[in-house]
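Going by TrEMBL, these are the annotated features:
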DOMAIN    1-97  domain 'XPG N-terminal'
DOMAIN    127-197  domain 'XPG-I'
REGION    423-444  region 'Disordered'
Amino acid sequence: MGVKNLWDILESCKKKLPLQHLQNKKVCVDLSCWLVQMYSANRSPAFAKDKVYLKNLFHRIRALLALNCTLLFVTDGAIPCVKLATYRRRLGSNSHAAPDSHPSTSLRRNRGSEFSCMIKEAKRLGMALGIPCLDGLEEAEAQCASLDLESLCDGCFTSDSDAFLFGARTVYRDVFIGEGGYVICYEMEDIEKTLGFGRNSLISLAVLLGSDYSNGVNGFGPETACRLVKSVGENLILDQILSNGVKATRKCKGKNNGNKVDNMCPKASSCEVGMTQDSDGQFRDVINAYLEPKCHSPDSEAVQRVCGQHPFLRPQLQKICKEYFDWSPEKTDQYILPKIAERELRRFSDLRSASSALGIKPLLSEIPVPCPVLAIVKQRKVHRNECYEVSWRNIDGLQVSVVPGDLVRSACPEKITEFLEKKGEEKKQKRRARPKKSGQAAVEDVDERLQELLLGIEADSGGILGGTGNGSAAYAVPVEALDVVDLSSPSPPLRKLSKSQKKMMGVDVQCQSMNMNKMESESSFSTQSSTTSDVDKQVIDLSSPVPAGIRHDRGALADMSNFGSQSKEEEAGGHGGNCVASVIDLSSPSPAIGADDDVIHERKARELRSFLDSIRSELY
């Protein structure tokens, strides 16, 4: 508990600091307070059986280890004689003891109690994690305060407010780990500046309000006690209490009997409650217990032993976690090794920062201590924070893990530069290995494949324009006159077929005579041939708009057979006796001879232009 209502009095001095505040600090821990906090969270039998309190302690420790926060456990020793009455009252025993009974010796604690067994488990876990433990002579918070007062640590973790009365300068009341973690901190410097209370003033508040060592003085509440302490002053308050005793006053009002004059107490605005003298030396015992607690001296062997470096014992930790939590060695390593590696990197970063402060800025390769980071593997985002996945050097059992980006920048910025250069070089190599085709090259490639496909279909069908009639003579059209459409050109130029294409085609264009009269056939042939030749020799412009009524969508490539079928049906109805060059029918194995009607040929030419235009639109 500490001093009654003292945390409320110090509320204006409370600071909520980010967990990073504990980075690179050395802190003493009142181990009893931590275990009480964790055990009080859930008192169910399953909670104690599964040792959840010990798991919570493990996770709190590993979070602080990752910040390179050096911990020192401190446990309670014997119960001070001045605290025995309070201790027995809390246990519910000796409730009828005489109020003036004051034992002169301290009392050894019961080492076989359930709570003492919890302390032993926590100490064992801490030793495996490299955290030493100092067994106090009496009060653990007094020993923590002594170490803090002698600057052997940067603060102490305790929930007992009387740590300030023992001389502590920085007290961390509570800590919360995880995302957005923080610590509740009180500084003696803030208390002195904000409230005007020093160590003597706080001790006098303990005498007046009550604490672990006294029941307080009747008639004093927080406001009355603070008012009295401020009125007397820091340097005189303890002497005043010991020599003259304390006198409580309070504001009071008389009964309201209808007279405004008699509304207030006729004596004064404040009334004396009573005078309390230190007749039996009770106040002096309490004051001396705070001013001169029984603790290990800073130069004692016990203190020197725990202030040194203690190694992390991986095999012992695996054994303890298997015994207490039923964890496999791999699971234990997964929890603790990344935090140990992060701690090593923070120590390396602290070394470089100290060198820079002295004006020494050596290169990474010139530092005697090797950098724990071997290389950066990849960049990551964790809770919207920049992080790096790194590979480690000389971390037994750990290959890679994720660390904060700001830590890597402060410890080894050269590794980040090396990673970015390597990443850029890999991108260049990938570009060289996979050259991208330009849009025009891709269109030309598709055009070439389409031409080969068309020529293959025509070769299988037995000819482009010709078909065998009923034994009639064949009219051969020179192959050199056939033009190939270049789909990749906005206005496709005409080009000759290559010799290989001529050979692959192997086509003789034939015409069929429909009339028995040879003279009429020649006359009709000369007339229609000129008309058809004009139509067939037209250059197909793929960029021309699609004629009305012709289907034009992205499914044109899939409608090749429909286009051929329509042409075939239209040709089947016509008759002609002249030999003409007909439209290419891609779907017919034996293209029919075109009719002598010019309208049919014009329509077929438009349909072909529309079909090729739709192909071109899909290519682009």
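First residue shown is number 1, and so on along the chain.
Glycine residues also receive a Cβ, built from the backbone N, Cα and C atoms like all the rest.
With DSSP classes pooled into helix, strand and coil, the tally for the domain 'XPG N-terminal' (1-97) is 52 helix, 16 strand, 29 coil. Looking only at the domain 'XPG N-terminal' (1-97), the predicted model's pLDDT averages out at 86. Residues of the domain 'XPG-I' (127-197) grouped by DSSP class, helix first, strand second and coil last, total 22 helix, 18 strand, 31 coil.
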